[in-house]
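Novice: Before anything else, here's the structure in question.
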Amino acid sequence: MQPLPSLCGRALVALILACGVAGIQAEEREFPPAGATQPLPGTGEMMETPTETSWPGRSNASDPRSSATPQIPRGGRMAGIPPRTPPPCDGPIEIKETFKYINTVVSCLVFVLGIIGNSTLLRIIYKNKCMRNGPNILIASLALGDLLHIIIDIPINTYKLLAKDWPFGVEMCKLVPFIQKASVGITVLSLCALSIDRYRAVASWSRIKGIGVPKWTAVEIVLIWVVSVVLAVPEAVGFDIITSDHIGNKLRICLLHPTQKTAFMQFYKTAKDWWLFSFYFCLPLAITALFYTLMTCEMLRKKSGMQIALNDHLKQRREVAKTVFCLVLVFALCWLPLHLSRILKLTLYDQHDPRRCEFLSFLLVLDYIGINMASLNSCINPIALYLVSKRFKNCFKSCLCCWCQSFEEKQSLEEKQSCLKFKANDHGYDNFRSSNKYSSS
């Protein structure tokens, strides 16, 4: 039998390769006609395909199945006035069936691995008292947000890609993007809180505690969920179902409505891509870079004055810091292609450029690779914890392999020893502080 780390590593490589193949398959297709929209599996939203008009059905000029020349607007047009839309892109407009199947397989793998990994992670932290500390509770909050997204969003988005028509009603049309944005918000804010927590743990040695959840961590988790839900409300308000004519068929499409009723929602629709890129991608990277730099400087400054008895405790803190950094790195790698595709379209796309079709084809490939990579982020955190953290690896082995009758009984000897070391280090540090206090007085 192959060792479990090898199997996890191979499964992870297979998932990433599948995401790339899905993007390559998407490259072999061109764009659907104006008015058609494509579902974004794993993002909980619909994206208007890159056509020459933003409102579905407004013009048939970009439909390759229509006449070769653009239609003249009703009432004709005056001489000397150029047409409103450039010539259409040539090529087929069908989505490759192979891409649909590959995307479905990737979504099913994410669904299965995500449910198993995140539910196991929650069970480990809930059952094992040694794992109930501030950073792990934040990781549990992150896993719970991913689990909600996996259970609700991924099946619906997969069905949406295969069926094209939206059959679930207005309520689900608003709920799916709301949960998706709330889940990403929980992930982003949890990673920020973990990075700040690692710096505070190094900078304030009086905060050393063995087992238990600090009150401030509980307040942080409540704030993270409340802020994430509030920031996701515009998605529920703005998304709606519209009816579009597509080759003689009326399709119900769930998307961010092109015409919003309020000035705020119109501004949100206009600035959405930049808002998502800045808050949901750049913020956790900037926070992590800032506080990990401060943490490194603090550890180098205090290195000479640290007591040898605290070495085991410092090793545990370095492992936690390495784990948090790994989670942030995985998040950045998974979400970079999708955000890069959207930003490139906003900054470089010109509908009057004669080479726009090739550029849109490249963006479409990048977009679909990004969609699958973003979905992968919902299931990859437990795998990353297993590969990086020895403590989580032991707990995952005990919980998944079922070596004993119950989780409490099968807790490894190494975990018990780590708990004893944790308490002993705290006691040793208290004695160290007391001796310094009396010696200074």
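Just so it is clear, glycine is given a Cβ too, placed from its N, Cα and C backbone atoms.
Note that the coordinates shown come from a computational prediction; the quantities given were computed from them, not determined experimentally.
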Novice: Tell me which residue from Cys297, Cys379, Cys404 Swiss-Prot records as S-palmitoyl cysteine.
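Specialist: With Swiss-Prot as the source, S-palmitoyl cysteine is noted for Cys404.
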Novice: Can you tell which of Cys89, Cys108, Cys130, Cys254 is bonded to Cys173 by a disulfide, based on Swiss-Prot?
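Specialist: Here Swiss-Prot pairs Cys173 with Cys254 via a disulfide bond.
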Novice: Compare the topological domain names that Swiss-Prot gives for Thr98 and for Lys390, and report whether both residues sit on the same side of the membrane.
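Specialist: Topology check (Swiss-Prot): Thr98 vs Lys390, domain names differ.
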Novice: Select, from Ser6, Ser59, Ser244, Ser304, the one residue given the annotation phosphoserine by Swiss-Prot.
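Specialist: Going through Ser6, Ser59, Ser244, Ser304 one by one, Swiss-Prot flags Ser304 as phosphoserine.
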Novice: Check for me, if you would, whether the transmembrane segment (137-162) reaches the transmembrane segment (362-388) - at least 3 Cβ pairs under 8 Å, residues 6 or more apart in sequence.
Specialist: yes
Novice: So, taking each listed stretch (101-125, 175-196, 362-388) in turn and counting its Cβ pairs to the transmembrane segment (271-295) that are under 8 angstroms, which one gives the highest count?
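Specialist: By Cβ pairs under 8 Å, 175-196 leads among 101-125, 175-196, 362-388.
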Novice: What mean pLDDT does the predicted model reach across the topological domain 'Cytoplasmic' (389-441)?
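Specialist: Here the predicted model's pLDDT, averaged over the topological domain 'Cytoplasmic' (389-441), is 56.
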